[in-house]
Amino acid sequence: MQKRVVILLLDSFGIGASEDAKDFGDLGANTLGNIAKACFNNLADSNDRSGALKLPYLEGLGLGLSALEAANELPLGFQPQPNLIGAYAYAQELSSAKDTISGHWEMMGAPVLFEWGYFKDKNDSFPKEILDEIARKTKIKGYLGNCHASGTEIIKDLGEKHLETLYPIFYTSADSVFQIAAHEEKFGLDNLYALCEEAFQILEPLKIARVIARPFIGTNRESFKRTANRKDYAIKPHKKLLFETFIEEKQGEVISIGKIADIYAHVGITQKFKAGSLMELCDVTLEQVKNAKNNSLIFTNFVHFDSDYGHRCDISGYANALEYFDTRLKEVLENLRENDLLILCADHGCDPSFKGTDHTREYIPVLFYHKDLQPAFLGKSDSFADIGQSIAYFLGLSPLDYGKNLLNFKGQP
């Protein structure tokens, strides 16, 4: 029997502070709950949306009920008894960090149980010897930044100086990351990628998870904006991924949409598609749902919830994007094939109402749809790896080292 799996990952879409949130300073964080509360109280009204958060198709998959189980309260405006078509759970992260790579790797069978390297100083963040080595190997004459920063704010603050000097902008965050911003046309995209490749080689031994190229365009502070040509250089996963097992045992296709391939350092990816906006990510995903052959795994990361709204503390924008996504989810559901398994999940939280601009340690929703899957609560998962283990079970693959299967199809004991 030919099967497909479709994974829709809403980057940063947490549903309540997890039991270890205190260790991360994240008690009280609840990305979905606090967005829903703001919407319900008309605090997220804008020219684009108003009133309570309207996500009928996500609710039908069990989003509200999953959040109720995770946070002990139903998001304001959600139905206590929706027309449920999906099976739902919520998951606690096992990995030691709350970053994108840790969450993604864990759900495919490789939890991060070691500590990443970090640049903890808010200013003068990078050791001089590292900066000197990058300069020596890449022949750059100087650099700007060298601090913790918001990616959109730092190009406003330093973009004009960058155009004058052509010095790249180096910055970081609470995550294990080294980011380099440069003008796509004046500095050159190929030059930026080459610089990032060299920086990655230097930083990999320090267990810095990612070096990220952040190209932008524009001529002044008011017009600078990042382009879709972001590129992530990531450390390779330390354990075998579900993707690799699927290819080896079933000769499957693993289709990356958005930044999935970069997150997994291109390990186990057979096809990849880029997309610049939330609309484009939805378009490409729908195209693959319609056209990808059987024996495929389609995996999309919807990054804009995190990058454009979570980190930017934009509650109204996040709500509007969720409501748009929900309309496109309807199209995905309408185009699923007889034996498709749909999974909707997240990788961490990034509560736009919470203190600071960093990720938040939260439970994530784990929502499943298949025509033969009984709508029901599947319990709490102690690891995101339950997602990968459930996929392995569905596809008839060898089990992963981590996680448990959550699925029980109609007719099974």
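Every residue gets a Cβ built from N, Cα and C, even glycine.
Pulled from Swiss-Prot, these are the features on record:
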BINDING   Asp11, Asp347, His348  Mn(2+) 1 binding site
BINDING   Asp306, His311, His359  Mn(2+) 2 binding site
(request) Using all protein chains shown, find which of the binding-site residues Asp11, Asp306, Asp347 scores highest when you count other CB atoms within 10 A of its CB. (result) Asp347
(message) Long-range neighbours only, meaning 6 or more apart in sequence with Cβ under 8 Å: which ones does His348 (Mn(2+) 1 binding site) have?
(response) Ser12, Gly14, Glu93, Lys98, Asp99, Thr100, Ser102, Gly103, His359, Thr360, Arg361, Glu362, Ile364
(request) Excluding Asp11, Asp347, His348, please set out which residues of the same chain place their CB within 8 Å of the center of the CB atoms of the Mn(2+) 1 site, keeping sequence order. (result) Leu9, Leu10, Ser12, Phe13, Thr100, Gly103, His104, Asp306, Ala346, Gly349, Cys350, His359, Ile364
(message) Same chain, not part of Asp306, His311, His359: whose C-beta falls within 8 angstroms of the C-beta centre of the Mn(2+) 2 site? Give them in sequence order.
(response) Asp11, Ser12, Ser307, Gly310, His348, Cys350, Thr357, Asp358
(request) Check each residue in the chain of His311 (Mn(2+) 2 binding site) that is at least six apart in sequence and keep those whose C-beta is under 8 Å from its C-beta; list them in sequence order. (result) Ser150, Gly151, Cys350, Thr357, Asp358
(request) Would you kindly give the Cα-Cα distance separating Asp306 (Mn(2+) 2 binding site) and Asp347 (Mn(2+) 1 binding site), rounded to the nearest Å? (result) 10
(message) Using DSSP and collapsing to three states, where does His348 (Mn(2+) 1 binding site) fall: helix, strand or coil?
(response) coil
(request) May I ask you to report the DSSP-based helix, strand or coil state of Asp306 (Mn(2+) 2 binding site)? (result) helix
(request) Return one of helix, strand or coil for His359 (Mn(2+) 2 binding site), based on DSSP. (result) coil
(message) When DSSP is mapped onto helix/strand/coil, what comes out for His311 (Mn(2+) 2 binding site)?
(response) coil
